[in-house]
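S.K.: Please find one structure pasted underneath; my questions will follow.
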Amino acid sequence: MEQYGFYFDSERCTGCKTCELACKDYKDLGTEVNFRRIYEYTGGQWNQQADGCWHQNIFAYYMSISCNHCADPACTKVCPTGAMHKNADGFVIVNEEICIGCRYCHMACPYDAPQYDAQKGHMTKCDGCYSRVKSGQKPICVDACPLRALDFAPIDELRTKYGTQASIAPLPPTDITQPNLVVKPNKYARLSGDTSGFLGNPREV
């Protein structure tokens with residue numbers, strides 16, 4: 001089994017959300033379901049110095065995240081029907097025909113990848129554009145990015161090319177589920193577990 005994964009360049013990303021919208025359009029998703037989400041992590045403050053001048057250490061950067069098709073997915077472990085599973089090609093997918101919509105997978109996933117579709121009455125999620133990949137194409141989010149901040153390939157190739165870093169705030173540490181994700185950190189990036197910043201767009205994600 002050749003495991004695929006995503007690469008994300010946080011230095012290039014401007015938070016335009018083209019990847020998110022391309023996914024919604026391609027998958028015909030409703031307003032309440034987002035398979036790919038853009039997180040804005042921001043922080044810092046202004047401090048007045050003794051001479052009256054102001055000094056700032058404000059920072060902000062974006063993270064584009066979908067399902068990471070983890071090596072040790074938490075979502076599959078809690079699914080009572082086996083609907084959420086990792087297929088032979090390494091993609092974590094949901095069998096919508098047997099999913100009962102209990103949302104345990106959503107509660108277990110540290111990346112909020114499984115999404116409940118109220119119209120369908122069961123869970124849905126990013127499938128890595130499995131059909132496109134099988135035909136030799138990239139996922140729609142990767143092809144849509146105008147800054148080429150996303151890539152998708154066998155994870156061993158991505159790690160050889162870009163490194164292994166993926167524990168970037170506001171994401172959780174990688175040892176929880178071993179995500180098949182590589183991140184090129186923004187110059188302002190903080191490591192997972194950082195408390196100096198906060199999520200700047202909580203209602204969007």
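Numbers here mean position along the shown chain, with the first residue as 1.
Each Cβ is built from the backbone N, Cα and C atoms, and glycine gets one as well.
For reference, Swiss-Prot lists these features for the protein:
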- 4-32: domain '4Fe-4S ferredoxin-type 1' (DOMAIN)
- Cys13, Cys16, Cys19, Cys145: [4Fe-4S] cluster 1 binding site (BINDING)
- Cys23, Cys126, Cys129, Cys141: [4Fe-4S] cluster 2 binding site (BINDING)
- 57-89: domain '4Fe-4S ferredoxin-type 2' (DOMAIN)
- Cys67, Cys70, Cys75, Cys109: [4Fe-4S] cluster 3 binding site (BINDING)
- Cys79, Cys99, Cys102, Cys105: [4Fe-4S] cluster 4 binding site (BINDING)
- 90-119: domain '4Fe-4S ferredoxin-type 3' (DOMAIN)
S.K.: Quick one: of the binding-site residues Cys13, Cys19, Cys126, Cys141, Cys145, which has its CA closest to the CA of Cys70 ([4Fe-4S] cluster 3 binding site)?
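M.R.: Looking at Cα distances from Cys70 ([4Fe-4S] cluster 3 binding site), the smallest one goes to Cys126.
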S.K.: Find the average pLDDT over the domain '4Fe-4S ferredoxin-type 3' (90-119) in the predicted model and report it.
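M.R.: So the average pLDDT across the domain '4Fe-4S ferredoxin-type 3' (90-119) works out to 97.
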S.K.: List, by number or range, the same-chain residues at least 6 past the domain '4Fe-4S ferredoxin-type 3' (90-119) whose CB is under 8 A from its CB atoms?
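M.R.: Same-chain contacts beyond the ends: 1-4, 30, 32-35, 37, 65-70, 73-84, 125-128, 130, 171-172, 176-177, 179-180, 205.
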S.K.: Could you state the whole-number distance in Å separating the C-alpha atoms of Cys129 ([4Fe-4S] cluster 2 binding site) and Cys19 ([4Fe-4S] cluster 1 binding site)?
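M.R.: Computed Cα spacing between Cys129 ([4Fe-4S] cluster 2 binding site) and Cys19 ([4Fe-4S] cluster 1 binding site) is 13 Å.
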S.K.: Among Cys13, Cys16, Cys75, Cys102, Cys129, all listed as binding-site residues, which has the most CB atoms within 10 Å of its CB?
M.R.: Cys75
S.K.: Please report the DSSP secondary structure of Cys16 ([4Fe-4S] cluster 1 binding site), reduced to three states.
M.R.: coil
S.K.: By CA-CA distance, flag whichever of Cys75, Cys99, Cys126, Cys141 among the binding-site residues is nearest to Cys13 ([4Fe-4S] cluster 1 binding site).
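M.R.: Sorting the binding-site residues by distance from Cys13 ([4Fe-4S] cluster 1 binding site), the top entry is Cys141.
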S.K.: For Cys141 ([4Fe-4S] cluster 2 binding site), what is the tally of other C-beta atoms lying within 10 angstroms of its C-beta?
M.R.: 25
S.K.: Would you list the other residues of this chain near [4Fe-4S] cluster 1 - those whose C-beta lies within 8 angstroms of the C-beta centroid of Cys13, Cys16, Cys19, Cys145 - in sequence order?
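M.R.: In sequence order, the nearby non-listed residues are Thr14, Gly15, Lys17, Thr18, Glu20, Ile38, Ser64, Cys141, Ala144, Pro146, Leu147, Ala149, Leu150.
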S.K.: Between Cys99 ([4Fe-4S] cluster 4 binding site) and Cys75 ([4Fe-4S] cluster 3 binding site), what is the CA-CA distance rounded to a whole number of Å?
M.R.: 13
S.K.: Which one is it: of the binding-site residues Cys67, Cys75, Cys102, Cys105, Cys109, whose Cα lies the shortest distance from the Cα of Cys141 ([4Fe-4S] cluster 2 binding site)?
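M.R.: So, of the listed binding-site residues, the one sitting closest to Cys141 ([4Fe-4S] cluster 2 binding site) is Cys67.
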S.K.: What's the CA-CA gap between Cys75 ([4Fe-4S] cluster 3 binding site) and Cys105 ([4Fe-4S] cluster 4 binding site) in angstrom, rounded?
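M.R.: Between the Cα atoms of Cys75 ([4Fe-4S] cluster 3 binding site) and Cys105 ([4Fe-4S] cluster 4 binding site), the distance comes to 4 Å.
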S.K.: Consider the binding-site residues Cys23, Cys109, Cys126 and say which one has the Cα lying nearest the Cα of Cys145 ([4Fe-4S] cluster 1 binding site).
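M.R.: Comparing Cα positions, the candidate nearest Cys145 ([4Fe-4S] cluster 1 binding site) turns out to be Cys23.
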S.K.: Only counting partners 6 or more residues apart, tell me which same-chain residues put their Cβ under 8 Å from the Cβ of Cys109 ([4Fe-4S] cluster 3 binding site).
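M.R.: Same-chain residues close to Cys109 ([4Fe-4S] cluster 3 binding site) (Cβ under 8 Å, separated by 6 or more) are Pro73, Ala74, Cys75, Thr177.
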